[in-house]
Amino acid sequence: MTASARHAFSDDTIFALSSGAGRAALAVIRVSGPEAAAVVRTVAGLQPRARVAALRPLNDQAGQLIDRGLVLFFEAPASFTGEDVAEFQIHGGQAVVAGLLRTLGQLPGLRPARPGEFTRRALLNGKLDLTQAEAIADLIDSETEQQRLQALRQFDGALSERVGSWKDALTEALALIEADLDFSDEADVSGSANQAEAPLARVHADIKVQLGFHGAERIRDGVTVVVAGPPNAGKSTLLNWWAGRDAAIVTEIPGTTRDFVEVDIELDGIPVRLVDTAGLRDTADPVERIGVERARQRAQSTDIVLWLDPDGSEPNVPTGSAVVIPLRSKSDSVTTLSAGSGLCISVLTGRGMDELRANLSEQVRRLANPEGALLTRARHRVALESARPHLDQALATLRVGGPLEFVAEDIRLALRALDELLGFVGPEDVLDRLFASFCIGK
């Protein structure tokens, strides 16, 4: 954020409906900025007192009553945004809300807030960092229990505190390096660079561990499960069973499914996306052939493959690093099982379906295990992957007795990558993309 942009934000007073739009029992309208106290005096006829709720008549500029509601005032910097903030809790009728918003829009120095602007001001005023701002967005978007809990952990500073400890350790190492560079001729300082290796190695090892975890990202984004197998193996029937509806077309004609059919479900508080794919076979049909190729590619890039085959054959496509759960489908119509592997299931009779649900749930929990995992977004991973090679180089140079100037520069670059993770530095378009996804009043 440039200095001019920061100044533009601080000079404006913004307002918005912070509760949900539409008819409701109550609505909350928030005001933030230097004119917030004046707004309370004008609309509520009240000299604002910080953190004291007052039931007041709320009037427009002509003195006409809009509603009676609770008025709260939070004096800077002890507010969500770090600015003066006023909140009006009013009845949630659309005419009431529209009347107060119209009145605020007519007051000098006020303008409607942009999406996410309240949270953006909190970030710019040091009330939270970028990972916590992202956590607010994740909390708003959470649909499962695990997503809610993870967003709360992140908002409470789980990642921020860890990154802060890494920064402290790297700053300590940098100070030791620079002391050796600046005062190498003093006996009590010379050689202090040797002490820098321990904190550097500690941060390097911790970042490597975090990059090996993917559970938090899977909780946020979901676990992908591809249903694959030969034609007429019961893939679409199984997808419909999971969905509890006819999401995919089911016929006896091989090759009915040409493109992906996706269904979102929840298992143990974790979002799961099930993907039905084209039956895998050699075909002369050009359209079906495209579907088969897409199915092969999807099986290689997924988290879990449910491989269906009534004969119990092994998958005949590469599955990459995916967990493969072999299933012998249509067991109700098979009188004698041929040699093969996999859990026997039948959607028609229910055979094996409880075991399938338990097995898939276990694999989903294992892949989305949040234990120790702090990286919830691809942006976090990119930042650490940017820092790691600089730490690699700093350690390597230090261990061979290379130039300390190079070690210091690599540490600075690693610190910059961590600052970008927290949003302290970096391109403004990162903030623009994040806050554009927020609702107006957040």
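The backbone N, Cα and C atoms fix where each Cβ goes, glycine too.
Database features, via TrEMBL:
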- R30, E87, K127, K442: (6S)-5-formyl-5,6,7,8-tetrahydrofolate binding site (BINDING)
- 222-365: domain 'TrmE-type G' (DOMAIN)
- 232-237, 251-257, 276-279: GTP binding site (BINDING)
- N232, T251, I253, T256: K(+) binding site (BINDING)
- S236, T257: Mg(2+) binding site (BINDING)
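The average pLDDT the prediction assigns to the domain 'TrmE-type G' (222-365) is 84.
Among the listed binding-site residues, namely R30, K235, the Cβ with the most fellow Cβ atoms inside 10 Å is that of K235. All protein chains considered, the CB of A278 (GTP binding site) has 26 other CB atoms within 10 Å. The residues of the domain 'TrmE-type G' (222-365), classed with DSSP into helix (H, G, I), strand (E, B) and coil, number 40 helix, 33 strand, 71 coil. Calculated from their C-alpha atoms, the gap between A278 (GTP binding site) and S236 (Mg(2+) binding site) amounts to 9 Å. Within 10 Å of the Cβ of S236 (Mg(2+) binding site) there are 22 other Cβ atoms, across all protein chains. Residue density at N232 (GTP binding site): 21 other Cβ atoms are found within 10 A of its Cβ, drawing on all protein chains shown.
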